[in-house]
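What TrEMBL records for this protein:
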- GLY36, ARG37, ASN38, GLY39, CYS40, GLY41, LYS42, SER43: ATP 1 binding site (BINDING)
- GLY350, PRO351, ASN352, GLY353, ALA354, GLY355, LYS356, THR357: ATP 2 binding site (BINDING)
- 571-625: coiled coil (COILED)
- 4-251: domain 'ABC transporter' (DOMAIN)
- 318-536: domain 'ABC transporter' (DOMAIN)
Amino acid sequence: MPLLRATQLQHSIGQQIVLDNAELQLEAGDRVCLLGRNGCGKSTLLRIVDGNTTVDSGEIWRQPGVKIARMEQTLDFASPEETIYDVVADGLAGLGKILRRYNELIHGEMGNKELSELEKLQREIEVNDGWLFQQRIENILSRLELDADATVCSLSGGWRRRVALARALVCEPDILLLDEPTNHLDLDGILWLEQCVMSFQGCVLFVTHDRALIEKLATRIIELDRGILTNYDTNYVRYLELREHALEVEAEQNALFDKRLAQEEVWIRQGIKARRTRNEGRVRALEKMRNERSQRRVITGSASLSVNQGDKTGKVVAELTDVTFEVPGKMLVDNLSLLICRGDKLALIGPNGAGKTTLLRLILGELAPQSGTVKAGTKLQVAYFDQLRDRLDEDKRVVDIVGQGRDAVTINGKDRHIMSYLGDFLFTPERARSHFGVLSGGERARVQLACLFSQPANVLVMDEPTNDLDMETLELLESLLVEFSGTVLLVSHDRSFVDSVASSCLLFEGNGQISEHVGGYTEVSNYMARRASQQKSVLQSKDSVKVEVAVADVKPAPKVRKLSYKDQRELDALPEKIENLEAKIAELGEVTGDPAFYQQDADKVTQVLEQLSNAQLELDACMERWMELAE
């Protein structure tokens, strides 16, 4: 039996049709990803599912007793003093308010009045089995590593997302709704979220632009396109193939229909003789075709992005030598040396607060190092995409923000009318005249992209550019950055985006230690996995030594495992093989570390990088085998 079934849903917001005879069914154990363009109505559909928005028409059946909870995009709280406990307890509705007040009383000073109220609250809690819910709140807070007494206003965006999820989970819902859950989470937070959702026993309906998250979590995909919900019982990659085919078929059918309609329109306009003899049934068929054409779902255009290329920089964009920077109580950058060359696509990866933005400012000369030197290259033209979109004036119109008071922008030496330019970013003339403050998150992101790409630039600094972008715009931006001939400095927690764009990554490992890695997030992830495995092996070895020392006087030494002749030969050969592989990796590392390496033919670069990756994998396998045989 389904948890929820919705049929023949019709819903509009103003002139926009959000749902057009839409169907939806949710089953226990489903992890459904809801995809669609920005502004198509995904968040509205989530509110319809949980009952906070009523449809214009249609039927929604929910299994009796089913509990639905939604993790909001933004976390609202009544006052700056509200604690994490308060906000999470609100997820239990009426009983939550009782527990919240009880928690306030036991943590405050109590007189006779407070003692009397506390006694009354205890009776209410006992009658409603409230102690079980109190324990549930404490368990959720512990599982999500949240401090019950911390104020919500003191938390970063990522930790507020955890609080929002805790509030949704505390009622133990049958259906969990997640609206852009990865926004403002760092990589550790995203990996934590993945595990949390994977372990959830109910149904999950989630909206996200994070392709890696979709591939990891989604058991099926539902697309909302021009009011229609289409179900795809497949993974994300296959969905893209099926969707592209469906759009091609739709375009072909529309073209054939339009051709037939044009022929009938010619017929109806023929001379007097033809009109006297025309078939009335054919006239009625034409009227039906005209009506069908007027009701056609129009395929929304795609964004069209292009970079306003600046002059070429010098070969070296920035050179850092022994750079150190710290803030009170925390080392952010410790003795870092780094060379950034023209054409590099450098991604900065690390937890929130690790110092990524600080390093960007050091590289660009906006911040002076406390020790060491930073040498900037020549002819730098830097354009910024900043995740702090609130810096843009809420009261200004889009056309004024992007055009800066001018009717035209100059792109690669050619003037374009501002309305035409904004049309590339999917803004109609009417929407372009709207104030920035009324725009959706996706529209705000597109305004920033329009501002960014209107500036002549040879260095693009992109701080979380993927937040709020729909898939198509995201993939278009991805392609544009890959083709950009200048330098890109990128901060992003979108793993697929980093994999596609970055030629190398800086990993913030803590205590100011920053390591450089060739490739994207996948290479960094492999490095972190190897390091974790090595650390685990070291700890196990130390524990083993401690145990052996402790029992040496009461327990005979264990028998040494006798190896077969073949295994012994393999063990004897491994040290030399490991030494050769380490030398090969060092040699290839020197080759790939040369800035000129990436100026070669792309096939040659790919071949060398594959050799380096294969050598590293072979070395890891040899090390594991050596440890296994040497036991």
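Count begins at 1; order follows the chain as displayed.
Glycine too: its Cβ is placed from the backbone N, Cα and C atoms.
What TrEMBL annotates, mapped onto the structure for a quick look.
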residue	record	Cβ contacts under 8 Å, 6 or more apart
GLY36	ATP 1 binding site	LYS42, GLU223, LEU224, ASP225, ASP470
ASN38	ATP 1 binding site	SER440, GLY441, GLY442, GLU443, ASP468, LEU469, ASP470, THR473
CYS40	ATP 1 binding site	VAL18, LEU224, ASP225, ARG226
GLY350	ATP 2 binding site	ASP186, LEU187, LYS356, LEU507, PHE508, GLU509
PRO351	ATP 2 binding site	ASP186, LEU187, ASP188, GLY189, PHE508
ASN352	ATP 2 binding site	SER156, GLY157, GLY158, ASP186, GLY189
ALA354	ATP 2 binding site	LEU332, PHE508, GLY510
THR357	ATP 2 binding site	ASP463, VAL491
Local Cβ density at SER43 (ATP 1 binding site) - other Cβ atoms counted within 10 Å = 20
Remark   = Rounded Cα distance in angstrom between GLY41 (ATP 1 binding site) and GLY353 (ATP 2 binding site) is 34
Message = Test of understanding: give the count of other CB atoms lying within 10 angstroms of the CB of ARG37 (ATP 1 binding site).
response = 20
Query = Which residues, in sequence order, are found in the same chain with Cβ within 8 Å of the centroid defined by the Cβ atoms of GLY350, PRO351, ASN352, GLY353, ALA354, GLY355, LYS356, THR357 at the ATP 2 site, excluding those residues themselves?
reply = ASP186, PHE508
Query = Near GLY355 (ATP 2 binding site), how many other Cβ atoms are within 10 Å of its Cβ?
reply = 24
Request  = Sort ASN352 (ATP 2 binding site) into helix, strand or coil using the DSSP assignment.
outcome  = coil
Ask   = Taking the binding-site residues one at a time (GLY39, GLY41, GLY353), which has its Cβ surrounded by the most other Cβ atoms within 10 Å?
value = GLY41
Query = What's the CA-CA gap between ARG37 (ATP 1 binding site) and GLY355 (ATP 2 binding site) in angstrom, rounded?
reply = 33
Query = Roughly how many angstrom lie between the C-alpha atoms of GLY39 (ATP 1 binding site) and GLY353 (ATP 2 binding site)?
reply = 31
Key: Between GLY353 (ATP 2 binding site) and SER43 (ATP 1 binding site), the C-alpha gap once rounded to whole angstrom   = 30
Task = State the Cα to Cα distance, in Å, between GLY355 (ATP 2 binding site) and SER43 (ATP 1 binding site), rounded to an integer.
result = 33
Request  = Have a look around LYS42 (ATP 1 binding site) and count the other CB atoms within 10 A of its CB, chains all included.
outcome  = 23
Ask   = If you draw a 10 Å sphere around the Cβ of LYS356 (ATP 2 binding site), how many other Cβ atoms fall inside it, taking every protein chain shown into account?
value = 25
Message = On average, what pLDDT score does this prediction assign to the coiled coil (571-625)?
response = 74
Note = Residues lining the ATP 1 site besides GLY36, ARG37, ASN38, GLY39, CYS40, GLY41, LYS42, SER43 (CB within 8 A of their CB center) are THR44, LEU224, GLY442, ASP470
